[in-house]
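The structure appears below as structure tokens.
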Amino acid sequence: MLGECGMQERDRRGLRKYAVTLCKEMVVDELFIQSLQTDDILTDSMAESILAEPTSHKRSWRLLSLLPKRGPRAFSSFCSALRDTEQQHLCALLTESPERDGERQRYVDSPLPLPTQEGMVPAKRARTQESMEMCLDADSPITSSVLPCTPDFYLKHCQQSYSMVSSPRGLALVISNVSFDPCAAPDLDSRKGGEVDEEVLRKVFTELDYIVTVRRDLTAQGMRECIEQFGRRQQHQTVSSCVVCLLSHGVEGAIYGTDGQLLELDWVFEAFDNAHCPLLQNKPKMFFIQACRGEEMDCGVEQSDGPERTQSPGCEQRDAGREGEGDGDTRQTEERGRLRVKLPQRSDMICGFASLKGTAAMRNTKRGSWFIQEVNSALRFRARDTHLSDILVQVNGRIKDREGYAPGTPHHRCKEMSEFTSSLCKDLYLFPKYHPQY
């Protein structure tokens, strides 16, 4: 079936030659298939038939059997999907074959750099410092547009969910500590790849109609002041929600400032609770914490009856440093004529953590952290019809399937598990790109 018409002969030969390797190593998941659907390579029925296959090997083989019949653009779209889903080593395998010397010309006008690999081993090649700027752009996570919510979906779900109709939807704060003071914090390495995370978050939340503020490299006190100022902004009164993203080295319950001092996460949550941030009472407050919560690295457990393992190519690091009760006075008599509804001290919050308590969070030095990559992808493809709690469940599933690829380092075949906590009281739909007309 791989030899049927529609695709150029040299492309068909490449798929035939490496079919076994592709079926063994390729990860064909929903995100991969959506990329091909976006390019009109696969129809909905084709996508459903592929994803219905029970094993990774069968999904890959089903896809490879369909591609040669999907026209001359199918091969380049397939390679693009491989790059977008962090499987560049397989893209290089296909495009750098000796018999495809002429193939490079196809990519000359591409915004992506030409694949550079010394041999046919399907592993990521280290890049030079001079190429880093292009590398960060080319290797950035999924940048497909956020899929819009439909009017019908909004009308069906808006009554049972948080009100999300303001434009902008809310204010978003991203604090990203990448470089640390070598004198004050000699044990905290630079968080290579952290700059990718902050840009990814800026783009996705801007597209979700948030006004995004990004602050880089703050001390612990600088983070406190920044968060306090953000929480006092009067614009919170007229918007529907709030987002806070904290990216740094960390320990359980705290993250590091660039001066090596710790900022307690409980203080952060307190700054946005119903007592300290009344402008956001009854409004959803979203937190995303990309930081280690301990020193322990999750080396994973072999699953004897599970599917083939997946890979997450290249350059993994971890985000760890090396080293009120009431007084009972209700004043019932005085307050009787003017009682108000009381709120708990803290509510309407949801927080996604990159790792479990006591464990390290993984970060790719070129593509950013695993957790932020998956949050970005899930928001872009799922926010249109999925509430945030379920989105973070899907992120957990994606993180569970990832595996570090860094041969010769302690991070090779490492694992990570994300989690979230929630005090939301309704479904939180972001209703992207939908603005009801009243």
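We count from 1, first residue shown onward.
Positions of Cβ are set from backbone N, Cα and C atoms, glycine also.
Just so it is clear, the model here is predicted, and its values are computed rather than measured.
Counting Cβ atoms from all protein chains shown, HIS249 (active site) has 26 others lying within 10 Å of its own Cβ. Positions annotated as active site by TrEMBL: HIS249 (among others).
What TrEMBL records for CYS292 (among others) is active site. A sphere of 10 angstroms centred on the C-beta of CYS292 (active site) encloses 26 other C-beta atoms.
Under the heading compositional bias 'Basic and acidic residues', TrEMBL lists 316-338.
Here TrEMBL flags 7-97 as domain 'CARD'. Sorting the domain 'CARD' (7-97) by DSSP state (H, G, I as helix; E, B as strand; all else coil) yields 66 helix, 0 strand, 25 coil.
Annotation source TrEMBL lists domain 'Caspase family p20' at 168-296.
The domain 'Caspase family p10' annotation in TrEMBL covers 339-432.
If you look up TrEMBL, you'll see 101-122 (among others) marked as region 'Disordered'.
Summarising the annotation, TrEMBL assigns region 'Disordered' to 299-338 (among others).
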HIS249 (active site) and CYS292 (active site), distance between Cα atoms, whole Å: 6
The domain 'Caspase family p20' (168-296), counted residue by residue under DSSP: helix, strand, coil: 41 helix, 36 strand, 52 coil
